[in-house]
Amino acid sequence: MMMWQRYARGAPRSLTSLSFGKASRISTVKPVLRSRMPVHQRLQTLSGLATRNTIHRSTQIRSFHISWTRLNENRPNKEGEGKNNGNKDNNSNKEDGKDKRNEFGSLSEYFRSKEFANTMFLTIGFTIIFTLLTPSSNNSGDDSNRVLTFQDFKTKYLEKGLVSKIYVVNKFLVEAELVNTKQVVSFTIGSVDIFEEQMDQIQDLLNIPPRDRIPIKYIERSSPFTFLFPFLPTIILLGGLYFITRKINSSPPNANGGGGGGLGGMFNVGKSRAKLFNKETDIKISFKNVAGCDEAKQEIMEFVHFLKNPGKYTKLGAKIPRGAILSGPPGTGKTLLAKATAGEANVPFLSVSGSEFVEMFVGVGASRVRDLFTQARSMAPSIIFIDEIDAIGKERGKGGALGGANDEREATLNQLLVEMDGFTTSDQVVVLAGTNRPDVLDNALMRPGRFDRHIQIDSPDVNGRQQIYLVHLKRLNLDPLLTDDMNNLSGKLATLTPGFTGADIANACNEAALIAARHNDPYITIHHFEQAIERVIAGLEKKTRVLSKEEKRSVAYHEAGHAVCGWFLKYADPLLKVSIIPRGQGALGYAQYLPPDQYLISEEQFRHRMIMALGGRVSEELHFPSVTSGAHDDFKKVTQMANAMVTSLGMSPKIGYLSFDQNDGNFKVNKPFSNKTARTIDLEVKSIVDDAHRACTELLTKNLDKVDLVAKELLRKEAITREDMIRLLGPRPFKERNEAFEKYLDPKSNTEPPEAPAATN
């Protein structure tokens, strides 16, 4: 910084040579620009001055460049003097000097660049035009060809009889032609009528007879630039549009092969914005990084193998599938599979989002689809991946434009259908797509010949979660005690996270690393993983949210009711932890259960889950004179389960084997059943919930002392684990149905459980 300041202080002497003349030259040009002489005379004068000053100005610029370059080269590097004791110091001094030379060299190159010349040209041009069109004040010098005052005109010329003719130009400028010399003097007036009266008065005082008085002629004279004024807004607008277009079109393309920055070109809105990936790009993800979805990975790998070695399949008469659609819940790895395909394939891979086809301009979506497939065919064999295809692939005729108006989304979908399976279809272009909602896609898009394979990627089971954990644990700095048995660690974490997707697992691993760093721990331990899992499931601990004693006691008995019900119900999920620490958005307490990976739920399981959900409210009813609003989420879950049992699962004798599911995603104005049936459904739902409430009340009434024990322990510790529950209540009277839980979390389960209290349904 000091070096730059020292050089900058030495520069002004050279920089002054950039001016276009000293004070004497400025005083020569300025009166010419501001004078009221005829325009052609001003232009001739300016032309002469420009001719005389051109050589001088170019010489000054060249001398500035030479002096500035010498200053850069000869200026000593103060930081590098006297530091020759080591190679490291010498190298750093050389690099500093090189950086300074590059910095000043770029400055001198800028002054010689075309951009600087254009800027100076525009500045000088606008200055000249503004000066020519702007009235100016009086100037010193000879009276000819300059602006006078009316008093000067009267005393110097009119009273002496030196004026032969007077011209009133444009009703505000008076030009007086002198006798014999043909010179012209001028002055401005405010009103023509007042000027004529003043002329008559002066000539009356001079006793000039009417026949000898000076004739006054009125003329209209336009400036060479006056005709531009009506077109000036249009010129500025077109010039601005041209400048913006040049800037946008000249922006460099993306590194991944996409369009340029900004709008991607004002006249290129119909171009595809797909990004190109190949083996030269920075995509480092391969199929080794994908775990937990082996079947889907095998399906996608076949596309890559076919493009790499088509002869293996063609000799058997097989053809490559035209496309595959990946569907499943968010976070299950659909986009990750596409990235792995881009990293493994030796063919061009074009990636685009479905929303990039949707624009405000009509026809842009279809144009981009055509351009995308044209680009893919030019690089065939190639792969196209369209993420979130439901943005353009929704079923036609639903949710479209009203009144039969043109729907841009449908036009885009029609073009996509034609490109995938039409007259110009290429067998060498494979289309992959991802969506979270395959149920809303158009049937024509999902048929064989377009998307031949429908690959469903569900949330991973315990084995899939274990494989995903093994992938993510490799990059973490774990406690040496944990690295000795990675299979056991990954299995335990997989058991602790039922229902987690690949994205949830990656988030939990990252949260564990962040928690360890927050506590300045050198390694990540199992305690950090447990805290991270709780953070992902229940939210952040709200330690600053202080509850009153009554609120805390109410929350403790509420959670104790849930825990005791779950402990003594056969089909309840294994309890892992109960806490009354506020978490997340409004949650004052929570209980963590570990449900097994199951795909069928019996009627008895539904009823036991409803009993456990009502345990919090029933515990409040048994221990407090008034209940609280803490059970509103429990009621919501109970109502949903009871309603599903009656309307869609056939678990109600009065409704029978009928389905009235209202959650099919389609809006219906009229219900598919009568009012009488609706009343019957309401009564059946209420009956199931009442039965669950009655059974829960009987169960907790028989175990009031156990509820008190758990609640007091919660008030003392704020969080209790499964070991605390065993210490307080004894082992569960039922064998756990979760095999992974017994293997990784409860290896010493009791083989002879005690008799369980009865729970009527």
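A Cβ is built for glycine as well, from the same backbone N, Cα and C atoms used for every other residue.
Under the heading active site, Swiss-Prot lists Glu559, citing similarity to another entry as support. The ATP binding site annotation in Swiss-Prot covers Val290, Ala291, Thr332, Gly333, Lys334, Thr335, Leu336, His472, and the record cites similarity to another entry as its basis. As annotated by Swiss-Prot, Zn(2+) binding site applies to His558, His562, Asp634, with the evidence given as similarity to another entry. The compositional bias 'Basic and acidic residues' annotation in Swiss-Prot covers 72-82, 91-101. Per Swiss-Prot, region 'Disordered' is recorded for 67-101. Among the features that Swiss-Prot reports, topological domain 'Mitochondrial matrix' is placed at 1-115, 245-761. Per Swiss-Prot, the feature topological domain 'Mitochondrial intermembrane' maps to 137-223; the stated evidence is experimental evidence. Under the heading transmembrane segment, Swiss-Prot lists 116-136, 224-244, citing sequence analysis as support.
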For the topological domain 'Mitochondrial intermembrane' (137-223), the number of residues DSSP places in helix, strand and coil: 26 helix, 23 strand, 38 coil
Using Cα positions only, nearest of the recorded positions to Lys334 (ATP binding site) (His558, Glu559, His562, Asp634): Asp634
Cβ neighbours within the same chain of Val290 (ATP binding site) - under 8 Å, at least six residues apart: Lys297, Gly333, Leu336, Leu337, Ala340
Thr332 (ATP binding site) to Asp634 (Zn(2+) binding site) - Cα separation in whole Å: 28
Rounded inter-Cα distance in Å - His562 (Zn(2+) binding site), Ala291 (ATP binding site): 36
Recorded ATP site residues Val290, Ala291, Thr332, Gly333, Lys334, Thr335, Leu336, His472, farthest C-alpha pair in Å: 17
Candidate nearest His558 (Zn(2+) binding site) in space, where candidates are the binding-site residues Ala291, Thr335, His472 and distance is Cα-Cα: His472
Output field, Zn(2+) shell: CB within 8 Å of site CB centroid, site His558, His562, Asp634 dropped: Glu559, Gly561, Ala591, Ala613, Leu614, Gly615, Gly616, Arg617, Ser619, Gly630, Ala631
Pairwise CA distance, Asp634 (Zn(2+) binding site) versus His472 (ATP binding site), rounded so that it is a whole Å: 35
Cα-to-Cα gap, the residue listed as 'active site' vs Ala291 (ATP binding site), nearest whole Å: 37
Averaged pLDDT, computed only over the residues in the topological domain 'Mitochondrial matrix' (245-761): 82
